[in-house]
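Below: one structure, written as structure tokens.
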């Protein structure tokens with residue numbers, strides 16, 4: 001009995017000095033996905049997908065957009081009378097056009113290479129409108145009667161402001177030969193057109209000459225147009241049609257016009273005074289009197305996140321577009337508070353845990369650390385070195401992902417005419433395919449980074465445990481739950497030496513050896529006592545059973561219930 005009491009006293013003495021390795025835990029409910037698991041609760045996580053916008057059109061870095069309201073790009077450039085507010089526009093950051101603007105080509109027809117012109121505008125930030133052929137210079141032609149009820153202004157017939165519809169004068173239409181030399185230092189956007197009458201009567205009524213042509217030439221352009229006279233259904237009250245053309249006239253280049261009828265001459269041209277990143281957005285939004293660094297057709301984005309899922313077409317300093325609904329990066333550890341007894345799935349290294357069943361909510365100044373207990377008390381202490389290394393390792397995680405995904409696929413809002421719908425459909429499928437691949441790669445990268453982060457934390461905890469184990473060696477006992485019981489007295493100074501890696505093993509080895517041997521001896525003597533008692537108990541039980549059997553036999557023989565025969 002004395003031996004058993006000594007054993008209990010010794011065990012309680014050793015348990016009083018103990019050090020444990022653990023990790024931070026908190027009340028977080030944030031969850032992330034990894035390659036191996038879904039919905040892993042972590043102490044800290046960072047959402048890297050922007051889902052919100054303000055629903056407004058804003059200035060981009062202080063520069064207002066050109067919002068065309070009910071006017072199309074064609075209506076603005078040609079000068080639809082209903083678009084007079086855009087006769088002179090200041091510098092713009094981007095252009096906004098509605099999906100189906102009411103004020104387009106008021107006189108029915110089409111704009112040649114319109115989509116290519118829009119693409120050109122996506123690299124321009126400012127036009128300066130200049131007069132190249134004054135309307136008053138057409139002395140041999142009627143430059144005032146070329147108006148139409150299809151282009152009304154203040155209740156009267158009118159026409160596009162930037163071009164002149166030339167009509168015969170005094171029953172004659174002399175052949176036109178005009179040139180304009182671009183003496184500016186900037187490129188010049190020049191517009192002109194041709195009228196296609198409804199019938200021969202309209203042709204001679206307007207131009208006198210039954211057979212006409214228009215020739216246009218520059219150093220890079222050689223064009224000859226003839227009117228196509230045909231009966232057509234009326235559009236905007238007109239059976240005739242107009243076709244408009246454009247070219248970019250380089251500095252010191254000249255454009256030459258020659259025509260004997262059906263000519264819609266340029267009066268104004270656009271000097272391209274500033275080039276830069278721009279775009280034409282299809283949007284029904286109104287101006288919001290706000291400023292942003294990133295604009296989409298759905299609204300402005302003000303975010304520092306690296307990804308967004310709002311719209312593939314953006315302008316400015318924008319996050320990268322993905323089709324994902326959720327992208328969350330793990331920046332902390334698996335969150336398994338100590339009070340939670342349900343076993344969690346283990347990481348690759350099995351540290352958080354495998355042998356450590358829960359985190360410490362009491363340790364708030366670091367990710368990994370120690371809990372000690374001795375005669376002087378107990379407490380938590382973070383391991384600042386390993387924590388700082390871990391913080392350094394995850395601080396730049398978002399930038400690392402951006403660098404790995406540094407090839408942004410740009411969804412360009414291309415437009416195609418009716419003859420190119422098949423190309424448009426193919427282009428859309430290609431863009432959708434690129435975005436699908438881009439999104440998949442992003443999601444996969446996040447899953448891999450999350451797996452790597454959690455395994456990184458697991459590894460750090462295991463490394464800290466091994467650091468203590470290698471110092472203590474046989475001076476302490478591993479308890480299997482992340483804790484060590486000392487075989488010697490370990491005051492606060494001793495505990496601190498374990499934490500900072502300066503533990504003096506030889507200093508405590510003799511005391512530890514004696515206590516370890518004493519505990520082992522008590523266990524062995526106790527085991528011998530238990531063996532003697534066990535043998536005695538077995539013999540006594542067998543003897544008692546034999547006496548009972550013999551007594552029962554004698555009693556049965558005496559009353560005749562049992563016959564006993566002894567043969568010699």
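Each Cβ is built from the backbone N, Cα and C atoms, and glycine gets one as well.
Feature annotation from Swiss-Prot across 170, 559 places N-linked glycosylation site at 170. Fewest other C-beta atoms within 10 Å: among the glycosylation sites 39, 500, that description fits 39.
Ranked by Cα separation from residue 181 (N-linked glycosylation site), the glycosylation sites 27, 170, 500 are led by 170.
Among the listed glycosylation sites, namely 26, 27, 181, the Cβ with the most fellow Cβ atoms inside 10 Å is that of 26. In this structure, 170 is the one among the glycosylation sites 170, 302 with the smallest number of other Cβ atoms inside 10 Å of its Cβ. If you compare Cα positions, residue 27 (N-linked glycosylation site) sits closest to 39 out of the glycosylation sites 39, 170, 302, 500. Among the glycosylation sites 170, 302, 500, the residue whose Cα lies closest in space to that of residue 26 (N-linked glycosylation site) is 500.
Across the fold, the C-alpha of residue 500 (N-linked glycosylation site) and the C-alpha of residue 39 (N-linked glycosylation site) stand 36 Å from each other.
Taken residue by residue with DSSP, residue 27 (N-linked glycosylation site) is part of neither helix nor strand, so it is coil.
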